[in-house]
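A.B. asks: I'd like to ask some things about the structure below.
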Amino acid sequence: AVIKEQLQESHGRCEYAVYVQALIFRLEGKIQESLELFQTCSILNPRSADNLKQVARSLFLLGKHKAAIEVYNEAAKLDEKDWEISHNLGVCYMYLKHFNKEISHNLGVCYMYLKHFNKARDQLNNALEMNRHDLTYMMLGKIHLLEGETEKAIEVYKKAVEFSPENTDLLTKLGLIYLQLGDYQKAFEHLGKALTYDQGNYKATLAAGSMMQAHGDYDVALSKYRAVASSMPESPPLWNNIGMCFFGKKKYVAAISCLKRANYLAPFDWKILYNLGLVHLTMQQYASAFHFLSAAINFQPKMGELYMLLAVALTNLEDIENAKRSYEQAVALDKCNPLVNLNYAVLLYNHGDKKGALCQYQEMEKKVAALKENSTLDFDPE
């Protein structure tokens, strides 16, 4: 009411009242209305970098990243040392996918969303030189991950953790990267620190549980998942992991129940569909396995193991020709897994193609020899 009175008295020319009304509109989700009012502020006071930053922020929220970059660049001319502008420029460039940074931070954010990663990286680094900030480190690390530069991302997150050692988001992210790389000791170290500072950290708890699950400690993993189930009851990864814990404990009905809940929450997640297919195969429910594995292949058509499992289901459904086609696709896609060739050899042998079976068996032996030579892989000779 006070703002409206002020606007009426000034005939809409009170910069502060217009600015506050614009902020209120943004908080209410009325982004277009807030943009128009912030533009009015810029007309009333064209030398204000803050007004331009707010215009750019509204454009960013509307998904107009290129327009946001132009406005952030205008704001940067008025205030060259504004960390926020560089940061947001970097993010905008990231979304533009130019892998090359609120003035520097916000420019970086805009460039990131536009997937202009080079420009995004430059702006984010500019922002860090002006003022180190957790969020800027997070965005810079994200750009390196999007570019496939995992080692550079790790270095960025390490510097971030040194700067802000109690930031649980940074600790969790670093732990997750180490987990993906198979470095369980460092992963557990960082995830443990994150849980020390925030016992309710959902991502860290889920990751720690998955590590225990991978080592066969299903009951301990389930206790971890139980701790976060009440706060995140609609998390697809949570129900997926719970389902696979029950699978490891050979409680297949419970596993399917949990996995179907995960599938309901995330119907396009191929990993959940893969797990559902695997459990149904184990229960000898081959038609259901075929259904889920076919769906997984639609979302992940380049994974050979999916075709192998599909071929197993087709074999048991007595559709031999399509099973052979699936095995051929699996062999073409998967150059490392000897089980693909072994299963294919068994199928060919059982249906009288001894020459083809021998060929697949020899390919399997080559893969086994290669796996034995690679000491970094944990290979089961049986």
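For all residues, glycine too, the Cβ spot is worked out from N, Cα and C.
Keep in mind the model is a prediction, meaning the values are calculated, not measured.
Below, the features straight out of TrEMBL:
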REPEAT    49-82  repeat 'TPR'
REPEAT    134-167  repeat 'TPR'
REPEAT    168-201  repeat 'TPR'
REPEAT    270-303  repeat 'TPR'
REPEAT    304-337  repeat 'TPR'
A.B. asks: As a test of reading the model: what is the averaged pLDDT for the repeat 'TPR' (134-167)?
C.D. replies: 89
A.B. asks: Take the repeat 'TPR' (49-82) and count its residues per DSSP category (helix H/G/I, strand E/B, coil), listing them in that order.
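C.D. replies: Helix, strand and coil residues of the repeat 'TPR' (49-82) number 27 helix, 0 strand, 7 coil.
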A.B. asks: Please list, for the repeat 'TPR' (270-303), how many residues fall into helix, strand and coil according to DSSP.
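C.D. replies: Going by DSSP assignments, the repeat 'TPR' (270-303) contains 27 helix, 0 strand, 7 coil.
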A.B. asks: With DSSP helix as H/G/I and strand as E/B, how many residues of the repeat 'TPR' (304-337) fall in helix, strand and coil?
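C.D. replies: The repeat 'TPR' (304-337) comes out at 27 helix, 0 strand, 7 coil.
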A.B. asks: For the repeat 'TPR' (168-201), what does DSSP give as the number of helix, strand and coil residues?
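C.D. replies: Helix, strand and coil residues of the repeat 'TPR' (168-201) number 28 helix, 0 strand, 6 coil.
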A.B. asks: Counting by DSSP secondary structure, give me helix, strand and coil numbers for the repeat 'TPR' (134-167).
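C.D. replies: So the repeat 'TPR' (134-167) is made up of 27 helix, 0 strand, 7 coil.
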